[in-house]
Amino acid sequence: MTTDTIVAQATAPGRGGVGIIRISGDQASEVAMALLGHIPKTRYADYCDFKDGEGEVIDQGIALYFQGPNSFTGEDVLELQGHGGQIVLDMLIKRVMEVEGIRIAKPGEFSEQAFMNDKLDLTQAEAIADLIDATSEQAAKSALNSLQGEFSTQVHELVDRVTNLRLYVEAAIDFPDEEVDFLSDGKIAGSLYRIITKLDSVQASAKQGAIIREGMKVVIAGRPNAGKSSLLNALAGKESAIVTEIAGTTRDVLREHIHLDGMPLHIIDTAGLRDTADTVEQIGIERAWAEIETADQVLFMVDGTTTDAVDPHEIWPDFIDRLPEKLGITVVRNKADITGEALTVTQDHGHNVFRISAKTGLGVEELQQHLKSLMGYQSNLEGGFIARRRHLEALELATSHLMIGKEQLEVYQAGELLAEELRMTQMALSEITGKFTSDDLLGKIFSSFCIGK
């Protein structure tokens with residue numbers, strides 16, 4: 001990161017009641033002298049004229065001055081809060097740029113300054129963008145929790161535990177005559193198991209946070225003519241898929257992106273799964289399985305007129321056995337308008353079972369509520385944090401190293417190799433908060449921010 005003084009409009013482009021210009025860097029005080037004729041008292045609102053190079057007034061408004069390191073960016077910061085007309089704001093930026101050495105900020109550069117000056121860690125910086133982009137109250141609350149350090153605190157706790165255990169293991173290695181006793185006394189194993197348990201908990205919360213941010217991928221799967229396309233239409237609230245009585249009508253993947261109370265949901269309708277000689281249908285079935293393997297949840301559609309069973313293993317064991325081990329399954333018994341089934345929601349063998357009529361819409365609202373709960377929707381809006389795909393990847397990598405380290409301890413009692421896996425775990429976790437992060441990754445993250453943030 002350079003030490004340039006940067007300027008940008010901090011409010012959204014366009015017409016508004018108030019417009020804010022933000023300047024951050026060593027020359028902020030020089031800009032204040034040029035435009036205001038004085039440096040405002042630190043952290044006080046100063047109503048004054050904003051003047052051009054000839055002393056003519058461009059606008060009137062509030063000037064706020066924050067002396068580093070006691071500012072958002074950690075640098076000296078000047079904010080000019082004037083009227084929200086775009087022409088006036090452009091004139092102010094042009095005037096600021098007349099001060100030699102000032103340049104326009106890149107997207108996210110103010111937040112990057114804050115990160116580089118240890119005012120924020122990387123998860124908190126990302127949470128700023130996530131708070132701005134939030135599409136639901138739950139997402140906004142979770143992003144705010146991350147901004148306030150909830151996610152970071154849990155990651156830092158894990159890093160501290162891993163670091164302390166690594167130091168203990170390395171101390172044992174330094175005394176080779178006693179190393180085996182150290183490794184087998186149960187203390188190291190106990191600490192390692194507790195770290196793994198804690199990491200599993202954080203990983204589960206992060207997955208929920210990623211769903212809140214990015215949306216849940218739900219695949220509707222089942223045999224031909226079970227009503228999958230009708231359910232897609234019912235959930236989407238429009239006729240997205242062609243529905244006929246002919247089995248195999250849907251031959252390709254159909255996608256709909258909807259919001260349930262602001263929670264993003266990616267619904268995917270797939271070709272009916274069956275053995276077929278039709279080449280085009282075979283391709284559709286292959287694509288269906290590809291979508292299922294990357295789904296967060298499967299709605300297993302069952303034609304209620306063909307079976308009374310509710311246990312998916314009984315309905316179609318080959319299908320269930322092929323599903324990824326940790327994939328969530330919701331059984332949806334369709335055509336309740338024909339079978340006369342009560343529109344109840346039950347649990348069977350650990351799976352939620354819904355009775356609906358996709359054609360008439362009966363029971364669909366209850367299914368929507370279920371999907372919202374799976375996405376982490378909470379009416380009280382308490383708890384949880386936002387997470388991104390890179391966070392999940394780092395947590396998965398950390399888990400992988402811990403499991404390898406566990407094997408080195410339990411099977412081989414190899415202290416050096418355990419210590420190395422703990423070091424790799426520490427690095428993977430530290431990437432989340434930015435303690436060990438490449439410049440390329442930082443550039444990618446901050447470039448996705450708004451200009452002025």
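Each residue, glycine too, has its Cβ placed from N, Cα and C.
As the structure is a computational prediction, the values presented were derived from the model and not from experiment.
Pulled from Swiss-Prot, these are the features on record:
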| type | residues | note |
| --- | --- | --- |
| BINDING | Arg22, Glu79, Lys119, Lys453 | (6S)-5-formyl-5,6,7,8-tetrahydrofolate binding site |
| DOMAIN | 215-376 | domain 'TrmE-type G' |
| BINDING | 225-230, 244-250, 269-272, 334-337 | GTP binding site |
| BINDING | Asn225, Thr244, Ile246, Thr249 | K(+) binding site |
| BINDING | Ser229, Thr250 | Mg(2+) binding site |
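A distance of 56 Å separates the Cα atom of Glu79 ((6S)-5-formyl-5,6,7,8-tetrahydrofolate binding site) from that of Ala271 (GTP binding site). Cα separation, Asn225 (GTP binding site) to Lys119 ((6S)-5-formyl-5,6,7,8-tetrahydrofolate binding site), rounded: 57 Å.
Cα-Cα distances to Ala271 (GTP binding site) place Ser229 within 10 Å, out of the binding-site residues Arg22, Lys119, Ser229.
Within 10 Å of the Cα of Lys335 (GTP binding site), not one of the binding-site residues from the list Arg22, Lys119, Ser229 places its own Cα.
Of all the binding-site residues listed (Lys119, Lys228, Lys335), Lys119 has the fewest other CB atoms within 10 A of its CB. Geometry remark: Lys228 (GTP binding site) versus Lys119 ((6S)-5-formyl-5,6,7,8-tetrahydrofolate binding site), CA distance 50 Å.
Ranked by Cβ neighbours within 10 A across all protein chains shown, the binding-site residues Arg22, Glu79, Asn225 are led by Arg22.
Summed and averaged per residue, pLDDT over the domain 'TrmE-type G' (215-376) gives 87. Here the CA atom of Ser229 (Mg(2+) binding site) lies 51 Å from the CA atom of Arg22 ((6S)-5-formyl-5,6,7,8-tetrahydrofolate binding site).
Residue environment of Ala271 (GTP binding site) contains 26 other Cβ atoms, counted within 10 Å of its Cβ in all protein chains.
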